[in-house]
Amino acid sequence: MGSTPTDLPGEDVADNRSGVGGGISDVYGEDSATLDQLVTPWVTSVASGYTLMRDPRYNKGLAFTDKERDAHYLTGLLPPVILSQDVQERKVMHNLRQYTVPLQRYMALMDLQERNERLFYKLLIDNVEELLPVVYTPTVGEACQKYGSIFRKPQGLYISLNEKGKILEVLKNWPQRGIQVIVVTDGERILGLGDLGCQGMGIPVGKLSLYTALGGIRPSACLPITIDVGTNNEKLLNDEFYIGLKQRRATGQEYAEFLHEFMCAVKQNYGEKVLVQFEDFANHNAFDLLSKYSDSHLVFNDDIQGTASVVLAGLIAAQKVLGKKLADHTFLFLGAGEAGTGIAELIALKISKETGAPITETRKKIWLVDSKGLIVSSRKESLQHFKQPWAHEHKPVKDLIGAVNAIKPTVLIGTSGVGQTFTKEVVEAMATNNEKPLILALSNPTSQAECTAEQAYTWTKGRAIFGSGSPFDPVVYDGKTYLPGQANNCYIFPGLGLGLIMSGAIRVRDDMLLAASEALAAQVTEEHYANGLIYPPFSNIREISANIAACVAAKTYDLGLASNLPRAKDLVKFAESSMYSPVYRNYR
């Protein structure tokens, strides 16, 4: 039986029943209800006073002016001092720098995001190089591993197998309606850390905070989602703090039907133009989902396509340093999963467009090594379908050093997810075969990188052109300072997403990824080359994203896949004007 007030709201009602916590003004019965009675939760609808201060979208903390405090019933609820947003930013950065443990910084930033959204994004935009490793790789990996223990407040939408048949209803529970970007994971392959199940939510949350900070997409237009189909991680299944379903992963038809219901519900609820980014799915599901929905939805896989685009940009930029065209290189990959095959395919496509050779021929410039050795034609029948295009004629080679010595690559790319696999012997062999070996150790987080920047420069006697997935500090070798490049997907996906949104794209095509790569490479200056960089610094990432967005949008219009008409005359200015600003608004 529900607890229904017998007097009119607003009147003082005394309830002197013993054993319950009622009292004066308990008109809705929340305090006087016993455990077996139902209570209706309610909130005020006007954002003022205490409610306004607790709403992260509108809260300004001590930046509320005297006029705003009077108008919105805040007087007395805040100390009398008024601080500008810039002063607040300096204060938060000062406090963050007191933490010596990166996870503590991560937790403090997530707390700020839940408390004061605009201050969080201003902080991230103005201090991107310092804070990017905190809100994303490598710290987000540790955060996901410990997500159950540090969990304070839900972020994003959780859709579990329990909701099968009613996913559309669950989507409608999300309070924002104008969603433009969804980042979704099932938690099976989080970075290089494996199956973290429901605790993978840290990845969509982190990715979307970067869509806003780096690409200027409104926070209210972003939706992080975790699909919980169980986990095969025994440690999590036995962890009392684990926040997900404690059951083995659904697979096969059950999994496919659940994901199909999700994709249909997304399109029904948010329309044709919502961008769905698949994030950290296991290889077999990642390729299948991208293939299945690329012709019916606006979908993008950052692990396959985003990584490919940013790596290709680095290779295009490196042409000036190496004096070689892409077609003149021989590429060797360690790792033949989502990232490795995705990068390889985009490189082959770029060479094909430059030379006019069919892609079946340009693929022969690219070799892949997996856990069983070099991928060659004699293994083709036993290979997964996404590896088969890379099975070339060659005698079997069992390990990486054997492949380096046999193939003699000019470019070595690591996407294995296994740290320290570019051994001294491997790197020295690259240096023996090349005057300036190009070495990209792309696996995340830092602990899983195939080699460190210091190792690459030391073992090649300072001759390597090095890039990594996670950040490394500058390296001093033989009296010279080397600045490692970071082949970070953050260069690509924010600008790509903005370009798709501002053009009203209805599908993603490889030509758009090529456009993003070329736009990024074009922003590497002679000064950057002089410092050994093949990527521009992150300090002007919003300018980079605007240029990428403009090129992606232009390609979308050229392909006839844009729905926002007419086309803006100056797409760069349009991109810049479309970006979310975290500066505080003035309230009436």
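Every residue gets a Cβ built from N, Cα and C, even glycine.
For the divalent metal cation site, Swiss-Prot records Glu279, Asp280, and the single candidate of Asp288, Asp295, Asp303 listed with them is Asp303. Swiss-Prot tags one of the stretches 1-21, 379-399 as region 'Disordered', and that stretch is 1-21.
The Cα of Glu345 (NADP(+) binding site) lies closest to that of Asp303, out of the recorded positions Tyr136, Lys207, Glu279, Asp280, Asp303. Each residue contributes its Cα atom, and for Glu279 (divalent metal cation binding site) and Arg189 (NADP(+) binding site) these two points are 9 Å apart.
DSSP assigns Phe333 (NADP(+) binding site) to a strand in the three-state reduction. A C-beta separation below 8 Å, combined with a sequence spacing of at least six in one chain, links Asp280 (divalent metal cation binding site) to Thr185, Asp186, Gly187, Glu188, Arg189, Ile190, Leu191, Gly200, Ile203, Asp303. Cβ proximity to the divalent metal cation site centre (mean Cβ of Glu279, Asp280, Asp303, cutoff 8 Å) flags the following additional same-chain residues: Thr185, Arg189, Ile190, Ile203, Phe278, Phe281, Ala286, Asn301, Asp302, Glu338.
A 10 Å cutoff on Cβ-Cβ distances gives Ala339 (NADP(+) binding site) a total of 31 other Cβ atoms nearby, all chains included. Distance from the CA of Tyr136 (active site, proton donor) to the CA of Phe333 (NADP(+) binding site) is 25 Å. Neighbour counts were taken at the CB atom with a 10 A radius for the binding-site residues Asp303, Glu345; the maximum falls on Asp303.
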